[in-house]
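A.B. asks: Okay, here's the structure, questions in a sec.
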């Protein structure tokens, strides 16, 4: 279970001493499991909470703060099976801040010491294993883990097995005679699931997260095992050196990159608090676009001279701090496993858990994806489990904490019949997906399809919420979604939910009818999305609507004709053919058409200004969401691309643009701000070019 954290500072010195001793013992035990065994039993956030409580007690009772307290030293010690090696310079940890107020207080302390001329280098805090590399005359001679900050583990052979670690630096300019660099070894998120699947197939325990996978892969006794795994290094600091001329950390990064060392392409120098906060906010939103996990942003004073003036404590530099995002991984108790029936009939298991706060919200349910995933992860009812919530993504169970099992846990048995309608379930997709085949009549599937139709990505029917949908289903007014647009005031008056005491329609009934009338005029691509054709999302729907122009043309097209549309392909084409082959699906289209739902694109006589033009959007726009910007480009006849190439005509740049902006500058592609984008949409490319920024 998660460790319990006291919320108040003990009132007496005796109580404080007792709690202090408990915390020291608990923290040191968890530090050993995390840093040495690579098998933590609590999340990073829970560990941070214990450390913060210890710091609060020591601040209130300074006599309890000793040199060997966890707050005063770097955690971790060399494992017995690796030779110990002493770092040339101490390899410190970082102090953490968790709020804007704490960050501002740190900046104020920095400026009090060194003045307001400090610049700050910001970069994502990679969640991996800290390492130290030593180069002599450009040749890699040693690689080590951080250990306790003074002595680490000699893992040179394994470091050399990492694909992007140079064994010899490029001689671009004057190489330092001695160069000690610090970095983070990480495991790419995209490769993590594949690694765990292979471990389970081999009868081995899976890793709980990519950070543990990185640590476990680097600490292999056989370097060939390390070499077989897709580890990567990113360098983020400098230790001892002889002959490095840079005056700033950002300048040093340029030199390191020229010598062949991998440094973060996302590091950015900020000169104001607002710029720092904007950077932190950007990666809070876009952290899951990165190839590696991050748990915050590191902010460093950029000038080396100011770093030296600020100095360090025994544990951390005073010139750097880690801004930690709300935790995305925590541990809690798995109380039960139940199943949910989706709009396409797919039956998905989900975890019912003790409430736990993760990524800024309290969750009690988390997805388990499918029956095979439960077996692969080895999750049992009653387990203490690691739960992850990535931004707005549905929380998921990552895996069990096997070390905390007590024998009372039990296996989950997948149901054989649909819990909503009682129909026998069937396996599809090679046995991975389990579905209820009663698509038309299963109340759970129809309810989910109604929610999908009402969603913003489909027909955007605001008043068709949970209660309204349930009321319509319970009243039997809807045999299927085809009846939705046949609702009338007379029909709604028969449902208590939609009437007032005097029998007149309630406000929500009037609004529902108004919303349905508005939904009839939505563009064709939204109608296609609303029909719940498997695999047809907004991108494919837009492409189909542009190419064919009407439901009838799509229905009559061959699989080959459908598949030839860019963004569609054969899988979606066959899914469309299969959907229209079902009689009651055809009835839905007929009912909606008869009710006045638009089944064809509007005929526009004016030429589209962006015909043949490819546009890429990067960064955050104030006047458009990403989806609405893409829709605007496509409505104007253009192509909205996801990456920059020589074929790109314009790149639209908002706040905090990514690497697409840099590539556009390298290729000499016209770059537009929001005003330029508006001009492009309304007046076309010729007018926009005069407003474009060029390298």
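Any Cβ shown, glycine's included, is placed from N, Cα and C.
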A.B. asks: Looking at the NAD(+) binding annotation from Swiss-Prot, with 44, 45, 46, 47, 48, 93, 94, 123, 184, 300, 324 already listed, which candidate in 18, 19, 146, 346 is the matching residue?
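C.D. replies: According to Swiss-Prot, the candidate sharing the NAD(+) site with 44, 45, 46, 47, 48, 93, 94, 123, 184, 300, 324 is 146.
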A.B. asks: So if I measure Cβ to Cβ from residue 421 (Zn(2+) binding site) and keep only same-chain residues at least 6 apart in sequence, which ones fall under 8 Å?
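C.D. replies: Same-chain residues close to residue 421 (Zn(2+) binding site) (Cβ under 8 Å, separated by 6 or more) are 436, 438, 441, 442, 443, 444.
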A.B. asks: Can you see whether DSSP assigns residue 46 (NAD(+) binding site) to helix, strand or coil?
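C.D. replies: It is helical.
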A.B. asks: At its widest, how many Å does the recorded NAD(+) site span between Cα atoms of 44, 45, 46, 47, 48, 93, 94, 123, 146, 184, 300, 324?
C.D. replies: 25
A.B. asks: Work out the three-state DSSP category of residue 300 (NAD(+) binding site).
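C.D. replies: SS state of residue 300 (NAD(+) binding site) = strand.
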A.B. asks: Whole-number Å distance between the CA of residue 48 (NAD(+) binding site) and the CA of residue 418 (Zn(2+) binding site)?
C.D. replies: 43
A.B. asks: Using Cα coordinates, what distance in whole Å links residue 94 (NAD(+) binding site) and residue 418 (Zn(2+) binding site)?
C.D. replies: 52
A.B. asks: As a test of reading the model: what is the averaged pLDDT for the domain 'BRCT' (605-694)?
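C.D. replies: Here the mean pLDDT over the domain 'BRCT' (605-694) amounts to 85.
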A.B. asks: Using DSSP, tally how many residues of the domain 'BRCT' (605-694) sit in helix, strand and coil.
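C.D. replies: Going through the domain 'BRCT' (605-694) residue by residue, I get 34 helix, 17 strand, 39 coil.
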A.B. asks: List the Cα distance (Å, whole number) between residue 146 (NAD(+) binding site) and residue 125 (active site, N6-AMP-lysine intermediate).
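C.D. replies: About 16 Å separates the two Cα atoms.
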